[in-house]
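Read the structure below first, then the notes.
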Amino acid sequence: MSLPTTEQRNPASYKIDTKSTLEILEIINKEDEKVPLAVRKMIPTIASLVDDVVVSFKKGGRLFYIGAGTSGRLGVLDASECPPTFGVSPSMVQGLIAGGLPALTSAIEAAEDNAESGIIELKSRGFTKDDVLVGITASGQAPYVLGAMMYAQGLGAKVGAISCNEESKVFNHADHKIYLAVEPEIITGSTRMKSGTAQKLVLNMITTTAMIRIGKVYNNLMVDLMPLNAKLVDRAKRLIKEITDCSEDQAEELYVQSGGNVKVAVLMSMLQVSCSKAKELLDNNEGSINKVLDQKQK
């Protein structure tokens with residue numbers, strides 16, 4: 001029986017321990033060039049998964065990532081960036097990792113071998129058929145991930161799988177099979193490298209595209225950001241100024257009047273409406289500036 005790709009040796013890195021610093025870096029960089037190409041091949045499948053996520057979001061569902069080790073950390077990372085970037089509730093995109101929070105900073109390798117713990121995690125968060133689960137596992141064998149995926153499928157939920165092994169077990173329990181053919185790692189079995197990089201690119205694509213589709217972006221601007229620090233407050237004001245072509249003083253005033261809500265501030269200026277009216281228009285148009293403006297033009 002042949003070894004899975006993630007456990008095979010990479011001929012390009014034979015005798016890497018005898019190479020100079022520059023040579024090692026060049027080998028790593030050359031291998032990393034394969035990552036975006038592997039992701040590109042999966043874009044149609046990623047698109048199908050994103051469409052299911054959008055459907056879920058629009059009916060109040062959530063997106064869950066589940067993984068172990070590096071894969072789990074990447075899921076938690078992507079999920080944690082959604083609230084400040086897109087102004088959504090932390091519950092809308094959630095990352096589950098084998099071993100829980102301690103596994104974010106310390107390796108808890110045996111945690112991935114417990115199939116029941118993944119199911120328990122989903123149950124504790126009230127996972128339903130209206131949610132979407134994405135299993136992330138470079139090897140595709142982690143029982144923690146497999147158990148959760150089988151549970152989600154049993155409920156009738158949409159399930160995606162991201163793996164770097166073509167014969168991955170997780171693909172047997174997924175509606176969307178994202179196989180990232182990045183080939184063996186330069187350090188045999190170290191899937192934090194190409195495999196992890198490829199997974200992160202896909203996670204970026206899933207959440208970013210889904211958020212764009214539900215109106216969290218206007219043009220290419222982050223209009224639903226949460227201004228929680230000085231940098232983001234400044235960015236919010238710049239966005240208001242840029243979109244409405246107003247002065248800095250006007251942007252400041254709109255920012256205050258809207259309670260720091262960029263989309264509300266933009267509509268207040270563009271349509272010359274009150275804060276409450278701008279909020280009402282957004283509520284009636286799925287939070288989309290474009291939909292509000294299109295409706296006004298009809």
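Heads up, the Cβ atoms here are built off N, Cα and C, so glycines get one too.
Whatever TrEMBL says is automated annotation, not expert-curated.
Here is what TrEMBL says about this protein:
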DOMAIN    53-216  domain 'SIS'
ACT_SITE  Glu81  active site, proton donor
ACT_SITE  Glu112  active site
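The CA atom of Glu112 (active site) is located 24 Å away from the CA atom of the residue listed as 'active site, proton donor'. Confidence for the domain 'SIS' (53-216), expressed as mean pLDDT, is 95. Cβ neighbour count within 10 Å across all protein chains ranks Glu112 highest among the active-site residues Glu81, Glu112.
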